[in-house]
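Peer 1: One structure follows; several queries about it will come next.
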């Protein structure tokens, strides 16, 4: 099998050929070392950014378990298939100093879902804004805004359900621009044959943020007070913003400490990657079957992902009857597997393309298919009770 290191591609871009992902028409510059490089430093900072992002997103799912008076939820629960209490006795008593609210299942659903009302609004505008002001500032201020709003969550809860719903929707507005902003930055920073690795490193922070924040939120609620969940993650988000602003540059050309070799490597590899077309080809995009297939696949993936992310802790409490400390740990397990798989699959994808000369489209089709089929199979096998409970909760009047 031909090694891509010696040859040049027969297309003008990464996706231009079904046989090779490499570039033509410009001599290849030898790849700059990854260790201590500016592009991998960016990936690490982005990793922690998305770690904070998802910690700010999911902390309410666990904290809400401790915010709601359990008597209210139990009185409203109509399911018959619920487990008996099975938690082992714990020597340290559960802290009960946090204020409790009389919110029924329907109200909790509105609170948990309100984040996505804002989140969906800024997805497409986020990409446009990133092209105008740059991804660095948009991503930074998106996370900063979410962190600040998170600090005010306990106050909003005291004002009432309406105030909390509005606050969560505003957090969604801030987080909605983050992925488009990060895509815009990687379009200037990621060499084609390192794109899978760099993006998987940065976006894996989202899964690890979920893995860490769910059990940590449970521990904080159990031993301290649910209000500290929001204070802790909000402060961490502000600290990350300060590091991001001072250590990250918009492009390789503006980076102060990047080596000349790395800058030439990045710029030469991206020379034929960026389109000079300024207008958005809306009609061809709407008629594109591949784009439509990607939208359907992504919609299907997110349906399961966000349903679990938002409602799994409540399910663990109401049906499986775990306390808040155990709840956070068990709810995090699916996302630990997701994080581990993201890191490994990104490395594997680039190795298949660079060393084994598999086409980019083949690698991405196969990886996407495996991911969708495995998650679908797991959902069918392990989650029928969760689906039944969710349906009954949505039908309550």
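Glycine residues also receive a Cβ, built from the backbone N, Cα and C atoms like all the rest.
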Peer 1: Labelled transmembrane segment by TrEMBL, one stretch among 175-197, 198-220. Can you tell me which?
Peer 2: 198-220
Peer 1: If TrEMBL is the reference, give me the range from 38-56, 57-75 marked as transmembrane segment.
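Peer 2: The listed stretch tagged transmembrane segment in TrEMBL is 38-56.
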Peer 1: Please work out whether the transmembrane segment (329-346) lies in contact with the transmembrane segment (226-247), by counting C-beta pairs under 8 angstroms that are 6 or more apart in sequence and asking whether there are at least 3.
Peer 2: no
